[in-house]
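Undergrad: Pasting in a structure now, in structure tokens, and then I'll have a few things to ask.
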Amino acid sequence: MVQYIVTVYTGRRLLANTVNSAYIKLVGTEGESHRKLLNNEDFASFRVGWPSTFVVTSHKPLGKLVLIELEKRHLIFGDPWLVDKVEVQSTEGETYKFPIYSWLSDSFVHRFREGTALRDCDDKHELGRYSRRQELWDSNDTYVWGEFAPGLPRSMQTQNPINPFSLPRDDQFSVTKGAEFLFTAVSGLAELKLTGLQDLKENWKSIDDIKKVFPRRQTEMSEYTQDHWEEDEFFGYQYLNGVNPMMITLCTALPDNFPVTNCMVFPDGKTTLENEMKNGNIFLVNYKNLDGIPANVINGKQQYLMAPLVLFHKTPENKLMPVAIQLKQHPAEDNPIFLPTDDKYDWMLAKLFVRSADFSEHQLNYHFLRTHLMAEVFTMAMLRNLPMVHPLFKLLSPHTRYTLQINFLARVRLISPQGVFTLFSASGGKGLVPFVVKSLSSITYDSLCIKKDIAYRGMQKVTDFYYRDDGCELWDILERFVNGLLTLYYKSDAEVVEDSEVQNWIQDIYENGFHSQESTGIPQRFTTVAELVRFVTMAIFTCSCQHAAVNSGQFDYDGWMPNTPLTLQLPPPTTKGEANEDTVLKTLPDVSVTAQGMATVWLLSKQSSDFVPLGQYPEEHFTEEKPREMIKKFQSELHALSVKINDRNEKLEIPYTYLDPAKVENSVSI
């Protein structure tokens with residue numbers, strides 16, 4: 001008889017253990033063992049976070065182990081078991097590692113390959129080939145494309161569209177995260193009810209009254225925003241380093257529909273628009289995608305959503321200052337160009353309409369569409385097309401954690417007919433889906449790659465642009481890591497071309513994420529290793545860094561409602577000189593809408609206790625030494641960047657922290 005020492009590692013999550021009967025079978029190139037019962041007599045073999053060791057025997061040596069079969073029989077129904085990994089030591093002293101990190105919730109036989117990362121063209125064993133094909137067949141039955149609304153990127157279809165427990169157990173929140181998320185949401189709503197704000201559909205009596213909402217729920221940055229929201233310098237700063245640094249572009253020629261003159265913006269005659277544009281000091285933000293989007297009706301009252309154009313001037317003191325605002329796309333007598341020299345309340349109203357437009361662009365386009373929905377497309381395509389043994393699965397998997405459930409909740413709680421954005425934002429209601437569809441048509445592959453996007457916007461040389469500085473360094477570090485790992489497994493371009501699984505992955509993304517639109521520039525297949533490296537870098541950057549950049553600062557900048565109103569109740573002024581403080585208060589969202597918005601951005605910014613920072617891999621999918629060395633180098637580079645960012649931030653009045661690697665989550669999970 002030949003003996004194999006088998007060690008089974010139960011996961012560390014709460015309720016990961018089981019008291020059910022478990023069985024294992026070892027499969028090698030020369031045969032297979034008998035099915036072995038793993039439980040001890042006390043039925044306490046599989047404790048949370050504990051390894052359990054057993055002896056499995058065989059009549060003859062099994063050769064090289066390629067596969068294990070795990071099976072859990074129900075003694076207690078509904079007692080799922082989280083298995084992290086299994087290690088098997090042969091009599092020859094060789095150790096085989098089987099990364100699993102999956103819940104066993106049923107009584108079926110589950111097959112898991114040995115952990116050495118393999119591609120289809122590397123697999124020489126028919127038994128192994130069958131198990132991988134079976135894995136993908138099972139995945140395609142589980143991970144089925146659905147459609148939330150026509151024209152949006154496709155998403156996961158679930159059996160129950162309102163119950164997150166209908167998701168596969170592997171894709172659900174941990175008990176800890178689920179409880180924290182629910183507590184944060186429920187406590188916020190409870191506080192609204194206790195204070196009477198949720199149902200108070202009255203206008204604010206003064207700006208000071210708004211400060212009484214959630215006074216204990218402040219961050220240093222939200223307090224700074226509250227103190228400086230009226231200042232032009234802070235207004236401009238946000239377009240570089242706020243929660244939406246994605247829209248500002250270098251202006252080398254004024255748009256035809258924005259007739260700003262020299263005397264408007266440089267009345268002292270010391271310089272001209274032409275000179276300042278030539279020197280790279282004029283910038284533009286254009287909300288043209290909002291043009292024609294119908295504004296919502298909230299609490300029975302028509303709301304207003306503009307499509308502004310904003311001109312900025314970078315001063316000799318390196319301050320980005322707004323110098324002209326036009327609130328509608330088409331010039332007209334009733335569409336004046338507002339200037340900082342106008343009456344205080346005229347200028348304040350103009351900036352309010354701009355910031356309200358930015359809320360819609362940021363939340364629905366740059367946050368929801370370009371990070372959440374893109375991450376779900378990458379995740380679904382991975383689960384449908386890449387077996388767990390594939391190196392690309394191992395590389396991508398940590399960056400897909402919790403993504404399917406958080407997007408499920410977003411569709412239920414934020415953009416469903418009864419969702420917060422649908423009910424309480426200016427771009428909700430009839431305008432929500434058309435705007436996201438319109439935004440999808442503006443996405444290009446280059447716009448998802450930070451360095452290409454920065455170059456396209458002409459923002460390479462702007463000073464104090466920390467989103468760009470930190471983001472580009474993160475991209476470079478990530479690209480080096482991805483390149484090192486993928487070139488370890490792909491020795492030539494031909495090997496990429498021949499890998500049917502990775503080709504199916506990108507085809508699934510192209511068809512279901514981008515509706516097969518060639519104009520996006522998204523590849524339909526990969527022909528070189530370099531192409532694969534670039535796309536995988538973009539996918540991971542989107543799921544981690546880019547999401548952090550547009551998510552983490554939501555409460556910092558949007559928690560103080562006057563800085564970023566989610567809707568506005570009065571139409572924009574058509575003439576100057578008639579606005580006053582009362583006009584501003586009647587234009588701002590009412591008390592109930594303000595409270596709902598503040599509670600929502602608090603929830604969406606709340607980091608959970610099981611947060612995993614970029615570059616940390618609690619699940620050890622790679623078992624070989626070389627990729628593990630590359631991971632250590634990756635972590636070292638991220639740490640060095642984190643130190644560099646923190647040193648810089650100590651010298652700044654407003655620290656930019658959102659792309660500090662230590663604060664960037666590995667995946668879209670909030």
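Cβ atoms here come from the backbone N, Cα and C positions, even for glycine.
For 2-118, the entry in TrEMBL reads domain 'PLAT'. TrEMBL lists ASN40 with the feature Ca(2+) 2 binding site. For ASP79, the entry in TrEMBL reads Ca(2+) 1 binding site. What TrEMBL lists as site 'Essential for stabilizing binding to COTL1' is TRP103. According to TrEMBL, the feature domain 'Lipoxygenase' maps to 117-670. Per TrEMBL, the feature Fe cation binding site maps to HIS367, HIS372, HIS547, ILE670.
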Undergrad: Reported in the order helix, strand, coil, what are the DSSP residue counts of the domain 'PLAT' (2-118)?
TA: 0 helix, 64 strand, 53 coil
Undergrad: Could you state the whole-number distance in Å separating the C-alpha atoms of HIS372 (Fe cation binding site) and TRP103 (site 'Essential for stabilizing binding to COTL1')?
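TA: TRP103 (site 'Essential for stabilizing binding to COTL1') has its Cα 24 Å from the Cα of HIS372 (Fe cation binding site).
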Undergrad: Kindly state the mean pLDDT of the domain 'PLAT' (2-118) in the predicted structure.
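TA: Averaging the confidence scores along the domain 'PLAT' (2-118) gives 89.
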Undergrad: Report the same-chain neighbours of TRP103 (site 'Essential for stabilizing binding to COTL1'): residues 6+ apart in sequence with Cβ closer than 8 Å to its Cβ, ordered by sequence.
TA: PRO80, TRP81, LEU82, VAL83, ARG169, ASP170
Undergrad: Taking the Cβ of HIS547 (Fe cation binding site) as the centre, count every other Cβ atom within 10 Å, in any protein chain shown.
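TA: Cβ-Cβ neighbours of HIS547 (Fe cation binding site) within 10 Å number 26.
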Undergrad: On a C-alpha basis, identify the one among HIS367, HIS547, ILE670 that is nearest to ASP79 (Ca(2+) 1 binding site); the candidates are the binding-site residues.
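TA: Answer for the nearest of the binding-site residues: ILE670.
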